[in-house]
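Asker: First the structure, which I've put down as structure tokens, then a few questions once you've had a look.
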Amino acid sequence: MNFEGLDPSLAEYAPTLHPALDPVLDPHLNPSLLQNVELDPEGVPLEGIAVPESVHIVEGMYSELHTAVSEVGVPVSVSHFDLHEEMLWVGNHGGHATSFFGPTLERYSSFQVNSSDDIRQIQSLESGVLFLTKTNLKCMSRGGLIIFDYLMDEAEDMHSLLLTDSSTLLVGGLQNHVIEIDLNTVQETQKYTVEVPGITIMRQSNRFFFCGHTSGKVSLRDLRTFVVEHEFDAYSGSLSDFDVHGNLLVTCGFSSRMNGLACDRFLKVYDLRMMRATTPLQVHIDPFFLRFIPTYTSRLAIISQTGQCQFCEPTGLANPADIFHVNTVGPLIMTFDVSASKQALAFGDSEGCVHLWADSPEVTFNTYSRETDFALPCIVDTLPHLDWNQDLVPLSLIPVPLTSETLLSDWPAANSAPAPRRAPPVDPEILRTMKKVGFIGYAPNPRTKLRNQIPYRLKEADNEFDSFSQVPESPIGREEEPHLYMVAKKYRKVTIKYSKLGLEDFDFKHYNKTLFAGLEPHIPNAYCNCMIQVLYFLEPVRCLVQNHLCQKEFCLGCELGLLFHMLDLSRGDPCQGSNFLRAFRTIPEASALGLILADSDEATGKVNLGRLIQSWNRFILTQLHQETQEQEGPQAYRGAGSSTFGSSGDSVIGQLFSCEVENCSMCRCGKETVRVSSTLLFTLSYPESAEKPVKDYEFAQILKRSICLEQNTQAWCENCEKYQPTVQTRNIRCLPDVLVINCEVNSSKEADFWKTQAEYAFQRALMKRGGFEITKGKEISLGDWKELGNPEVGHSYPSVEELKNIWIPHAIKMRLTKNKELDVCNWSESDELSPNDDPESVYVYDLMATVVHILDSRTGGSLVGHIKVGETYHQRKEGVTHQQWYLFNDFLIEPVDKCEAVQFDMSWKVPAILYYARRNLNSKYNLVIKNPIEASVLLAEASLARKQRKCHATFIPLMLSEMPQAGDLVGLDAEFVTLNEEEAELRSDGTKSTIKPSQMSVARITCVRGQGPNEGVPFIDDYISTQEQVVDYLTQYSGIKPGDLDAKISSKHLTTLKSTYLKLRFLIDVGVKFVGHGLQKDFRVINLMVPKDQVIDTVYLFHIPRKRMISLRFLAWYFLDLKIQGETHDSIEDARTALQLYRKYLELSQGGSEPDDFRKVLKALYEKGRKLDWKVPEPDSQSSPKHGAVFPPVLAL
């Protein structure tokens, strides 16, 4: 350890501290010292440095082994042997650090730590290296990357650090305190006051911390409290160095003589058992550094600044014969260190050189060192020679250049055939010795090949939907995962990257440039996000569910309406369907159908999402049909207005989707049975012909045979009184307004059918655009292709990409004849009905949505939707009148071309659901939304808890005369419990990455009056009953205890989440302003979208940009002289405190005479918080800075 305060080469230190050393020896002040010295900055000694080429080392004796240069002419300030790897670290006065590997001192890394200050101490860790400068502690990797950078006050002057354990560090200097830093959080955890300032050296034993002071004293401090236990006054001048071993403490330093300092040649030795000085040790050199080198004996290495080195026993006499001299380039030794193995010594001099001494040529710095990572060597640009005639030479010897163009290997497998190499000729020796028996020949092994040498073939992976090979345009990563790079980036599964700030610094605008709202995917069973968006953009469905409200706690119609309301309010910010999915998980039918997924199944991709979303589509339509068909009156919610849709018992879902069908069963005995039913969707049925090639079908043909289905099956015949082969046919009696089609592509057979039909449609489209006669089954010749692209022939070249993989039309025409026969044909968006067509019996359907399954083996696949957004929604959301197709991939929303919505590359993009809506659908329905939530939701209601009593009530409900108006203030606070712990992983560099955040559920919501005679009195204090398992009640922070949310044993006012949610929705709709602390998180967990002008968040009112957020507890203590949140949190207390803070904010911001007065108040707040480490002091330690509450106490309950 170097006491740098005595080195005259440092200009900022007073030279009077060490007058014995002449300042002319400083190379900074006297450049003539460097005139005859010439050094290579890479560490190779040149002329002028006398370094022996071969060193003879006697075993057991230290001799110079190697010398290297850190930086020419810049004095070395500190050296340190790495405690984990075979490296020596050197820092200099220019703030530059260099590491050398092994006993040969090969330069490993070199980088700048500080641009202005010198490096004063180095400490190696497992994950990096700590560098201490005057006002800065920096941790860097061994390669030079910054891990963290801890800045201290400019008034600090740090000199020493001590690693007390793997994660705690003490830092001291010339000031009167020592700082304790937690290396895990990189935060100051404690500050110890020092009676005698100027700690420049620190050591540690199993009993004490040892601190060396500039005054010449050594203090022994308690390991836990840092309190001084003993103190030794070693020297009258100053302390230079000391070391501790066992029960001995040895010091060297300077004594005051004739108004100056002189180096004392007596080493002071102290016995730590008796805590007193023993016989001092006299040496023959001026000691400046000393270290114990305990091997067989407790030897001391004593170094002078002029380069003399003496070894002696601390209890014996120093022998002049044991003095050695370091061959320094500069005149002064600036630093000294001993390796952990005690086999190597390191000296740094004033000319930037480091000298390694060792007791053997094969020296190791540590007893057990881990392997050091080296940089990969540079790849030589010359390409290897490849002999084409050699069969076993791999072609991969020559790397393929990176290119974005299509390679020859990208040619589709359907247009090429494998051409294997010809078999190698048979060895002539085998032919010469071969004997034949009939047509079989055999010969002895000539032993010219290695054993078991066979051609290696890669295992071919079969993909269910991949009948021909495709590879991406770029060759990067082809072998690793080709399917990943086939999927366009916008179709890949999107994930939220969580940081320390959660979602605050995640840029959702990067994924969504529109004003439409996406949906977050991290919630369990959020695979249905794309279908929620499809239903939302069906205007009649959206208006229906937003007008619907009933008394059922878990009603999907109600929750869907509340979610749609948030999507209406959002201006591009994503929403989350947590409440809807919470209700969805409670429905028994959903669980019975296998629609509730476990987290493991959803994450690993074990579920066929295409089949799952089709089942979910059938379930949600049926569920909405049942829920909206229920009678009003007893089932209507007490705060709901009347619906604008239809009469009692009528379902708009039935009007939109329901189709009455007639099922006829004909037994071979001649008995016919007819049964009438209704269906909400149809499933495509594909022909089961085994003919090759597959016939050419239009989509309308397949759709007709799927609707009017005919099949042979075994059924019970009442006439025959047994199961008989029966022909079952299905016919429809009416057409729906919205035609929903499940594509049912669940195997390679259906995928091949789609692919083949798309190829037929591709050829028809090309011939139609090129003016050729369309003939089914005719292939286009090469000459026809050339004519299609030849402008002289008169044909316009069609966009091939727009025609690929398209089979389904953008519109279809359906007609029901008088005989109830169905006609279906493909139609065009631009085509209109002829005058002869009856609008009542002829329907034109336009494609409005497609849901596709994205196949991706790495992420488990995902579901996305293409939705055609109409003029009505565009006008309301963006103020424009047009139609546009959009891709909805959770929170990624992007406009796409209409052709892309119907293009299905079956190798990665598989169709799942199609929605066709009748043209001019919106004109048939009343699309007026009447808010069904009325003021009666705020009136008193009964508690679900059986043990709750009126005397325990913590709130007074609003009276009709107190109903809030627009602009009224309401104090709000919410408490939460944890349903699922967060999922995180530790990366190889030690950092923590959050994969999935913890799932929170609201447990208590409190609203207090913000004005009037009862200001501060709560009118809502609801505990939310939950049926889900709670893993952590967070009692310390929420005040919620086990049993508070259980209706059987709770004594609280317990309600359902839906009931309290409707109260908050009513307050939002009225226009009240919510005042609270951290409301952004509260509204997010409650799943509410609140306009920004209705939110007053005190966490932002008292905040300076780019500074930390301040807790409610500290703000209440500082401004209001209130002590809150003692043992637990109370939401009533927090809501009241937030209101008082807002009043205080208005007083400070509007009452000041200068506009900068409030900013001065905030600066004073942050300064006070920094001094107190943002902890509210105890009552007996420090009084609050303010006195008196902002307004009188609120009415007690």
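These residue numbers are counts, starting from 1, taken along the chain as shown.
Every residue gets a Cβ built from N, Cα and C, even glycine.
Computed from a predicted structure; not experimentally measured.
Take a look at what Swiss-Prot says about it:
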- Asp973, Glu975, Asp1082, Asp1134: divalent metal cation binding site (BINDING)
- 486-919: domain 'USP' (DOMAIN)
- 970-1142: domain 'Exonuclease' (DOMAIN)
- 368-485: region 'Linker' (REGION)
- 1176-1197: region 'Disordered' (REGION)
- 153-193: repeat 'WD 1' (REPEAT)
- 195-231: repeat 'WD 2' (REPEAT)
- 244-280: repeat 'WD 3' (REPEAT)
- 328-367: repeat 'WD 4' (REPEAT)
Asker: Tell me the Cβ neighbour count for Asp1082 (divalent metal cation binding site), meaning other Cβ atoms within 10 Å of its Cβ, over all protein chains shown.
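Answerer: For Asp1082 (divalent metal cation binding site), the count of other Cβ atoms within 10 Å is 23.
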Asker: Using DSSP with the three-state reduction, classify Asp973 (divalent metal cation binding site) as helix, strand or coil.
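Answerer: Its secondary structure by DSSP: strand.
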Asker: Tell me, how many other CB atoms lie within 10 A of the CB of Glu975 (divalent metal cation binding site), whichever protein chain they belong to?
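Answerer: Excluding its own Cβ, Glu975 (divalent metal cation binding site) sees 26 Cβ atoms within 10 Å.
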Asker: Would you report the average pLDDT that the model assigns to the repeat 'WD 3' (244-280)?
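Answerer: The predicted confidence over the repeat 'WD 3' (244-280), as a mean pLDDT, is 91.
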Asker: By the DSSP assignment reduced to helix, strand and coil, which category contains Asp1134 (divalent metal cation binding site)?
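Answerer: Going by the DSSP assignment, Asp1134 (divalent metal cation binding site) falls within a helical segment, counted as helix.
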Asker: Are there residues at least six beyond either end of the repeat 'WD 3' (244-280) with Cβ under 8 Å to its Cβ atoms? List them, or say none.
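Answerer: Sequence-distant neighbours of the repeat 'WD 3' (244-280): 6, 16-20, 203, 205, 207, 210, 212, 216, 218, 220, 230, 232, 234-238, 286-290, 292, 294, 298, 300, 302, 314-315.
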Asker: Per DSSP, how many helix, strand and coil residues does the repeat 'WD 1' (153-193) have?
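Answerer: Summed over the repeat 'WD 1' (153-193), the classes give 0 helix, 25 strand, 16 coil.
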Asker: Across all chains shown, how many C-beta atoms besides its own are within 10 angstroms of the C-beta of Asp1134 (divalent metal cation binding site)?
Answerer: 26
Asker: What is the set of residues, excluding Asp973, Glu975, Asp1082, Asp1134, whose C-beta falls within 8 angstroms of the centroid of the C-beta atoms at the divalent metal cation site?
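Answerer: Along the chain, the qualifying residues are Leu972, Ala974, Arg1004, Ile1005, Thr1006, Gly1076, His1077, Gly1078, His1129, Ser1131, Ala1135.
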Asker: Within 10 angstroms of the C-beta of Asp973 (divalent metal cation binding site), what count of other C-beta atoms is obtained when all protein chains are considered?
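Answerer: 28, counting other Cβ atoms within 10 Å of Asp973 (divalent metal cation binding site).
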